[in-house]
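Trainee: This structure is in structure tokens; I'll ask about it shortly.
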Amino acid sequence: MTDFKAWAADDAARHIRIPDESDDKYSRGVLGVITGSDQYPGAAVLGVEAALRTGVGMVRYLGGERVSSLVLQRRPEAVASEGRVQAWLIGSGTDHANREDAAHALAAVAIAQALPTVLDGGALELHDGATGPVVITPHYGELARVLGVPKDDIVADPAVWAVRASEELGVTVLLKGHRSYVAGGGVALVAASAPNWLATAGAGDALAGILGALVATHTAEIASVETTLARLAASAAVIHGLAAHRASAGGPLTILDLAEAVPGTIAGLLRHG
Ligand SMILES: NC(=O)C1=CN([C@@H]2O[C@H](COP(=O)(O)OP(=O)(O)OC[C@H]3O[C@@H](n4cnc5c(N)ncnc54)[C@H](OP(=O)(O)O)[C@@H]3O)[C@@H](O)[C@H]2O)[C@@H](O)CC1
Ligand SMILES: Nc1ncnc2c1ncn2[C@@H]1O[C@H](COP(=O)(O)OP(=O)(O)O)[C@@H](O)[C@H]1O
């Protein structure tokens, strides 16, 4: 039985890259985002919103015309054209069964670039063709789909399945739930900072955006230290949970409220650990 280390606020605080005076938008990290679809355009908006509020040099959003337009309406800071990126976030708000859409073709090109990549939603299965370090962010139902096992098996022992999935697939796994289990690079971490109010549509899309930003701003560490992706994934879950608490204040929350709470959450972590 693997021992999971509890990942807390002070751990997450050590995984936030603070820009210094030599930084520019490229040196801070550019996150390429291929998310959303005509069926689920909101997922793209939520992921981009969360990534920008987590802190990144630039978000490059690549997707269909309608989704791009919604993303830009909400976040004119996003750049909707191809160019240099340091990391990818792919798949939130896409359907794994639809391999014909524009996003899928873009994703195939992206995963061949050997850059650190977050795979979510309909892109989880793309881990197979990826050439760089990958972190996948399934919920229990999605991990069951990816591994081809009954969802009840995952529900019965999520920690064991997170480790098994990481070993079988050769990726870092962030298995989402009330407790989120992370396994990869030989470490096993658990984050349990979120209120149950977070069980609401779009929460996972925001988590993927937060993680995408952390990954894009730590690419040198990811290349040199094998445990980095796992530590960033657990840190994203902690930031997500703490921002949910801040947005909730004991009551219901919306995901845009959560995203709005992310900068204050990070500032609090940097002040107090
Ligand atoms: N605003 C937007 O644009 C939004 C877009 N979204 C996008 O939608 C896409 C589809 O994602 P989805 O997970 O919603 O797929 P969906 O077919 O419902 O689930 C498949 C089965 O899995 C299970 N299951 C689900 N959740 C579970 C959980 N947390 N924990 C455990 N089990 C869970 C459940 O199984 P059951 O309960 O029936 O056994 C269900 O039948 C994806 O790309 C996502 O990004 C969403 O983020 C919403 C907001
Ligand atoms: N009961 C709960 N308590 C705390 N967090 C939860 C709970 N249920 C779900 N979450 C969190 O909410 C998010 C749900 O993600 P996901 O199922 O992918 O949602 P969506 O697809 O709607 O974006 C995950 O980050 C998960 O950890």
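Note that Cβ sites are derived from N, Cα and C of the backbone, with glycine treated the same way.
TrEMBL does not curate its annotations; it predicts them automatically.
Positions annotated as (6S)-NADPHX binding site by TrEMBL: Ala43, Gly93, His139, Asp205. If you look up TrEMBL, you'll see Lys176, Gly177, His178, Arg179, Ser180, Gly204 marked as AMP binding site. Summarising the annotation, TrEMBL assigns domain 'YjeF C-terminal' to 8-269.
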Trainee: From Ala43, Gly93, Arg179, which binding-site residues have a C-beta atom under 6 Å away from some atom of ligand 2?
Mentor: none
Trainee: Under a threshold of 6 Å between Cβ and any atom of ligand 1, which of the binding-site residues Ala43, Gly93, His139, His178, Gly204, Asp205 are retained?
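Mentor: Once distances to ligand 1 are taken from each Cβ, Ala43, Gly93, His139, Gly204, Asp205 fall under 6 Å.
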Trainee: Determine, for the (6S)-NADPHX site, the additional residues of the same chain whose CB lies within 8 Å of the mean position of the CB atoms of Ala43, Gly93, His139, Asp205; present them in sequence order.
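Mentor: Here the nearby residues are Thr35, Tyr40, Leu46, Gly47, Ser92, Asp120, Gly121, Gly202, Gly204, Ala208.
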Trainee: Around the C-beta of Gly204 (AMP binding site), how many further C-beta atoms are within 10 angstroms, looking at every protein chain?
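Mentor: Taking every protein chain into account, the count is 25.
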Trainee: Among the binding-site residues Ala43, Gly93, His139, Asp205, which ones place their C-alpha within 10 angstroms of the C-alpha of Gly177 (AMP binding site)?
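Mentor: Within 10 Å of Gly177 (AMP binding site): His139.
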Trainee: Cβ neighbours within 10 Å, counted over all protein chains: which one of the binding-site residues Gly93, Gly177 has the most?
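Mentor: Sorting the candidates by Cβ neighbours within 10 Å, the top entry is Gly93.
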Trainee: Nearest to Ser180 (AMP binding site) by Cα, among Ala43, Gly93, His139, Asp205 (binding-site residues)?
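Mentor: Nearest listed residue in space: His139.
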Trainee: If you run the three-state DSSP split on Gly93 ((6S)-NADPHX binding site), which class comes out?
Mentor: coil
Trainee: Around the Cβ of Ala43 ((6S)-NADPHX binding site), how many other Cβ atoms lie within 10 Å? Please give the count over every shown protein chain.
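Mentor: I get 28 for this one.
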Trainee: Among the binding-site residues His139, Lys176, which residue has its Cβ surrounded by the fewest other Cβ atoms within 10 Å?
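Mentor: Minimum Cβ neighbour count within 10 Å, taken over the binding-site residues His139, Lys176, occurs at His139.
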Trainee: Assuming the binding residues for AMP are exactly those in the record, Lys176, Gly177, His178, Arg179, Ser180, Gly204, what is the maximum CA-CA distance in angstrom, rounded?
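Mentor: Max Cα-Cα spread across the AMP binders: 13 Å.
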